[in-house]
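Asks: Got a structure for you, questions after.
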Amino acid sequence: MKRVLGVALGVLTAIGGFLDIGDLVTNAVVGSRFGLSLAWVVLVGVVGICLFAQMSGRVAAVSGRATFEIIRERLGPKAGLANLSASFLINLLTLTAEIGGIALALQLASSVSPGLWIPVAAFAVWLVIWRVKFSIMENVTGLVGLCLIVFAVALFLLGPDWSKLAEQAFAPSVPGSESAGAYWYYAVALFGAAMTPYEVFFFSSGAVEEKWTKKDIGQSRINVLVGFPLGGVLSVAIAACATIVLLPRGIEVSSLSQIVLPVAEAGGKLAVAFVIVGIVAATFGAALETTLSSGYTLAQFFGWSWGKFRKPAEAARFHVAMIVCLLVGLAVLATGVDPILVTEYSVVFSAIALPLTYLPILIVANDEQYMGDARNGRVTNAFALVYLVIILVASIAAIPLMILTGAGA
Amino acid sequence: MGSNPTGGTALGGEITRIREEDIASISDVSSGVIELVSRAFALQRRRSTVWLVNLDVRRRNIARGRSSVRVRGGAVAVALAMVVVLSGCSGGAVPAIGAAAVQLDSAVQTASLALQQADADITFTPVAETTLENAITEVDDVSTQLSETPVQTGREQEAKREATAVLQDAVAVLDDARTALQAGDDLPDTVEQLQQTAKQTAELRERWEPFS
């Protein structure tokens, strides 16, 4: 019974923790401009993140060490540094976007300017990382993040023409008002949002924090293979809500407040309350994860003592690194840059950095020395290679598409 | 590593050796590719270590010099390519006005929907206020864009004049809406006014969006 409850909790937190500011914004933007014609990208992205997250969790469970630590050791400092540079910078950008996202969500609840909420949000993130246990932190944000299920409920309440939505999703085409370049630019952005690098590093480091062993591989696999796809369903629900309410009115999403409009239309004040709580939890949870990921990657590369299972004094550099990252994010937002713009760039740059993140994970997961008989099987490797090709294409196409379309304008 | 029959680089020789000796015995193609990449990485690491230990300062400086020339050459090529692409992307005034019309319509439609929701009491006032504030900021951006768009031809002047007139109406109506919302006034009149403005912006968009 305890095991069943553990699995259920893991799945629920995986669903609630799947969405972050990148998913929220990109799916809403895409829904308001392209309808559901890019829903297939969410499917491709979710399969990809499931594939690499379970690989990363397995590496941690078998070796007892985080993926990044092994990458540094297995592939040497040069390859490790390339991986670190790409992942860390994207992580920092994502962290900035998440803190901005918390502030924007709190503005919806209070009308107080996000500029005033930003330092409060950053301080709260630091405080939770400093004081709260890893498992509590992860479970609470994941469970409260489940409030975002309200998007799926809103979709039903809006009573859409399901056949029309299905046609858009299963026979995708570029809408007449949009260019092919913009369509593919947002396809790359959506893919980057689903496969954000911090998720795998957080997942594998989290496995070490929670002291997973080989016995836990099954449970982690269920968490990923059930939780993430259901999180993907929520992503599609966000896009669908925008398709039904915003697209016909010609509203193109450029702020977080617009994402809430379809939910209010469908479910009134109660639904709005749920969605605001859900957005705060999702962005706060993702801010915690990105802050920790920043500390994890730096500490694991330089060989510092790390982990929340250690007292801060025993992992001083790890904690200082996280504080510095939070301050950098805070400084960027203090310039007055629009957090939504930061989010849009973070998901595209995520796509650019993907090969440097995922290729090393694949190599490590195939290393007999570390993995023994828990190495990748043939099917996993075949899927992973297909994904590496997709990742490479997305990565190469991202910058030219960004220039040609004026960042999807 | 010493016996490299093809006379190529050490890395190339190693890859050839792996291909000849190992790939044949690996039935799974995907595992073979990963193994190959993995060994190439391992070899590269060994070579890097040897390189760092053995290479003298002079040879390193020469290598650095060559590499920096290559980097500079690459940077110039990328910059040139970007200039070509960006110059190809730049358009005239009409596309810019078309894009402004789209943005203006989106902002006004957003404000209209938010105010309707506030009037129907299906959303919280802070949500409606924030949405309205964001819409006003977006309209301000459009105003700046429009004022900075240089026009030359008669058609461009007509487009800009028309867009500016609709924009000024929108700014005034949005300002009234904000005041009404903040004061807690009855909203039906403001909602109707905003809907009228939204119709105008939709017409403007319909006319100029195809050229954006």
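Here the Cβ of each residue, glycine as well, is placed from N, Cα and C on the backbone.
TrEMBL lists A:37-60, A:81-106, A:112-130, A:142-163, A:183-203, A:224-247, A:267-288, A:318-341, A:347-365, A:385-407 with the feature transmembrane segment.
Locate each feature and note its surroundings.
Replies: Below 8 angstroms of C-beta separation, residues 27, 30, 66-67, 70, 168-169, 172-175, 183, 186-187, 190-191, 193-195, 199-201, 203-205, 207-208, 212, 217, 220-221, 224-225, 228-229, 231-232, 235-236, 239, 358, 361-362, 364-365, 370-371, 374, 376, 380, 383-384, 387, 390-391 of the same chain, each at least six residues beyond the ends of the transmembrane segment (A:37-60), sit close to that stretch.
Note on the transmembrane segment (A:81-106): residues 20-22, 24, 68, 71-72, 75, 112, 114-115, 117-118, 120-122, 124-125, 196-198, 201, 255-257, 276, 279-280, 283-284, 286-287, 290-291, 293-294, 297-298, 301, 325-326, 328-330, 332-333, 338-340, 342-343, 345-346, 349-350, 352-353, 356-357, 360 of its chain, located 6 or more positions outside it, place their CB under 8 angstroms from a CB of the stretch.
Long-range neighbours of the transmembrane segment (A:112-130) within the same chain, counting only residues 6 or more positions beyond its ends whose Cβ lies under 8 Å from a Cβ of the stretch, are 99-100, 102-104, 106, 137, 284, 287-288, 291-292, 308, 312, 319, 322-323, 326-327, 329-330, 333-334, 336, 339.
Tertiary proximity for the transmembrane segment (A:142-163) is limited to same-chain residues at least six positions away from its ends with a CB under 8 Å from its CB atoms, namely 9, 12-17, 19, 233-234, 237-238, 240-241, 243-245, 262-263, 265-267, 271, 274-275, 277-279, 281-282, 285.
Long-range neighbours of the transmembrane segment (A:183-203) within the same chain, counting only residues 6 or more positions beyond its ends whose Cβ lies under 8 Å from a Cβ of the stretch, are 20, 22-23, 26-27, 29-30, 33-34, 37-38, 41-42, 44-46, 48-49, 52-53, 56-57, 60, 66-68, 86-87, 90-91, 94, 174, 224, 232, 235, 289-290, 292-293, 296-297, 344, 347-354, 357-358, 361, 390-391, 394, 397-398, 401-402, 405, 407-408.
Note on the transmembrane segment (A:224-247): residues 10-19, 23-24, 27-33, 35-36, 38-39, 42-43, 45-46, 49-50, 53-54, 57, 148-149, 151-152, 154-155, 158, 160, 165, 168-169, 194, 203, 253, 258-259, 261-263, 265-266 of its chain, located 6 or more positions outside it, place their CB under 8 angstroms from a CB of the stretch.
Long-range neighbours of the transmembrane segment (A:318-341) within the same chain, counting only residues 6 or more positions beyond its ends whose Cβ lies under 8 Å from a Cβ of the stretch, are 21, 25, 91-92, 95-97, 99-101, 103-104, 114-115, 118-119, 122, 125-126, 129-130, 254-256, 291-292, 294-296, 298-299, 304-307, 312.
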Asks: Please indicate, using numbers and ranges, the residues of the same chain that are 6 or more beyond the transmembrane segment (A:347-365) and have a C-beta under 8 Å from a C-beta there.
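Replies: Non-local partners: 22, 26, 52, 55-56, 58-59, 67, 70-71, 74-75, 79-80, 82-83, 85-87, 89-90, 93-94, 185, 188-193, 195-197, 200-201, 371, 375-376, 380-381, 384, 387-388, 391-392, 394-395, 398-399, 402, 407.
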